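Asks: There's a structure below that I have some questions on.
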Amino acid sequence: MARTKDDMEKMNDKAGPLLLPENGSDVSEETSWMVYLSTIIAVCGSYEFGTCVGYSAPTQFGIMEELNLSYSQFSVFGSILNVGAVLGAITSGKISDFIGRKGAMRLSSVISAIGWLIIYFAKGDVPLDFGRFLTGFGCGTLSFVVPVFIAEISPRKLRGALATLNQLFIVIGLASMFLIGAVVNWRTLALTGVAPCVVLFFGTWFIPESPRWLEMVGRHHDFEIALQKLRGPHTNIRREAEEIQEYLASLAHLPKATLWDLIDKKNIRFVIVGVGLMFFQQFVGINGVIFYAQQIFVSAGASPTLGSILYSIEQVVLTALGATLLIDRLGRRPLLMASAVGMLIGCLLIGNSFLLKAHGLALDIIPALAVSGVLVYIGSFSIGMGAIPWVIMSEIFPINMKGTAGGLVTVVNWLSSWLVSFTFNFLMIWSTHGTFYVYGGVCVLAIIFIAKLVPETKGRTLEEIQAMMM
């Protein structure tokens with residue numbers, strides 16, 4: 001007697017997740033609500049990252065007044081976040097390889113929550129700085145593991161859009177600190193940072209682990225179950241599962257990657273692209289522009305608080321409408337190129353405003369020129385250079401190198417961020433207009449780098465991307 005399709009599916013359900021009939025729906029065409037839920041849970045870590053970075057600006061005067069801190073003591077509080085983040089980034093790859101992507105997110109959420117509570121109860125600068133250090137360590141780890149986890153669970157046609165949610169929730173976290181910080185005191189604001197940690201910690205118990213990590217550590221049955229949950233109960237995962245297994249099998253005989261392996265000729269392009277994008281993301285001067293934005297809005301006669309809220313909202317809107325909606329339609333390279341060109345224009349507008357001011361020319365248009373330059377620059381950063389380097393970092397590295405190489409790239413990002421912040425005031429003392437012309441020059445180099453070296457990864461599986469890079 002011929003078996004019906006329903007009979008076949010029942011038999012396959014009993015046999016296991018990989019034995020659906022060959023004419024089942026393809027994973028590239030169908031996805032599961034579990035992918036979206038897993039991504040939303042993961043980007044609570046991105047939101048936490050944003051709250052950590054954005055906390056110090058709206059709380060400066062409240063903390064200094066209540067705890068009687070000097071400017072130098074508060075500077076330590078603000079900058080020690082980067083120290084913790086660098087250490088978190090250094091260990092992030094090893095942690096996520098050892099205890100899994102979900103385990104790394106849980107650990108980071110616990111450490112960050114403890115840091116926020118220490119800040120809340122702080123009575124002096126020492127516990128305040130220690131709490132800030134812990135939140136830095138947590139967000140340094142999250143800055144690596146969240147985009148990697150999203151890339152490893154996403155179908156290729158959704159990977160770009162889902163991965164850019166990482167940056168979207170970072171800027172939402174930043175904006176929330178400005179908005180909430182305008183109406184509550186610094187201790188209450190610290191408590192709001194605990195909320196995403198709680199959601200992330202408990203949420204990870206309801207979502208599957210990265211299938212690629214499970215297969216890498218030899219948990220083959222769990223790999224099949226996790227992949228089926230992520231693709232839907234009626235999706236044929238045979239082809240995707242075999243591609244992942246074959247690729248990981250080809251890497252199985254290779255030793256665990258070390259830092260020396262990263263400079264091997266077969267791996268060096270991965271590293272150059274990842275490190276280069278993170279270098280340019282920071283050295284185009286984003287921290288300098290944001291740090292000086294309030295003064296630019298003051299010079300234009302606008303409220304610095306209102307200005308901060310405006311450009312924070314601009315970041316959220318353009319990241320959502322630009323990168324998230326367009327990345328899988330237009331591709332990574334076109335958005336990166338458009339972003340770098342836009343930032344170049346923004347730098348030139350800001351630099352020209354300072355040059356005109358230095359020479360006492362066209363004084364009536366200087367504020368409008370400066371403000372438009374800031375908005376063009378931040379808007380351009382939001383559609384490409386803000387989100388896409390993290391997306392590409394999560395895509396290009398083979399899984400046996402992801403811990404070591406991804407950790408290195410994340411460290412480069414945080415060190416570059418610190419260096420740009422540290423040198424900005426020195427550059428401004430040297431030349432106000434020259435500072436932004438220097439950043440504009442870096443934008444030109446970024447355009448050349450993207451055009452010559454950065455691959456287009458749209459519409460490819462992670463295994464196809466890595467084969468193309470090699």
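Every residue, even glycine, has its Cβ placed from backbone N, Cα and C.
Curation does not apply to TrEMBL; its annotations are automatic.
Positions annotated as transmembrane segment by TrEMBL: 33-57, 69-91, 103-121, 133-151, 163-183, 189-207, 270-293, 305-327, 334-356, 368-393, 405-430, 436-454. Positions annotated as domain 'Major facilitator superfamily (MFS) profile' by TrEMBL: 38-458.
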Asks: Return the average pLDDT for the domain 'Major facilitator superfamily (MFS) profile' (38-458) as a whole number.
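Replies: Looking only at the domain 'Major facilitator superfamily (MFS) profile' (38-458), pLDDT averages out to 87.
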Asks: Looking only at residues six or more beyond either end of the transmembrane segment (189-207), which have a C-beta under 8 A from one in the stretch?
Replies: 34, 37-38, 41-42, 44-45, 47-48, 51-52, 55, 58-59, 102, 105-106, 108-110, 112-113, 116-117, 119-120, 131, 135, 138, 173, 176-177, 180-181
Asks: Going along the chain, which residues at least six beyond the ends of the transmembrane segment (33-57) come within the CB cut-off of under 8 Å?
Replies: 74, 77-78, 81, 105, 108-109, 112, 135-136, 138-139, 142-143, 145-146, 149-150, 153-155, 158, 162, 165-178, 181, 189-190, 192-193, 196-197, 199-200, 203-204, 206-208, 229-232, 308
Asks: Would you call the transmembrane segment (133-151) and the transmembrane segment (368-393) in contact, using three or more Cβ pairs under 8 Å, pairs 6 or more apart in sequence?
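Replies: They are in contact.
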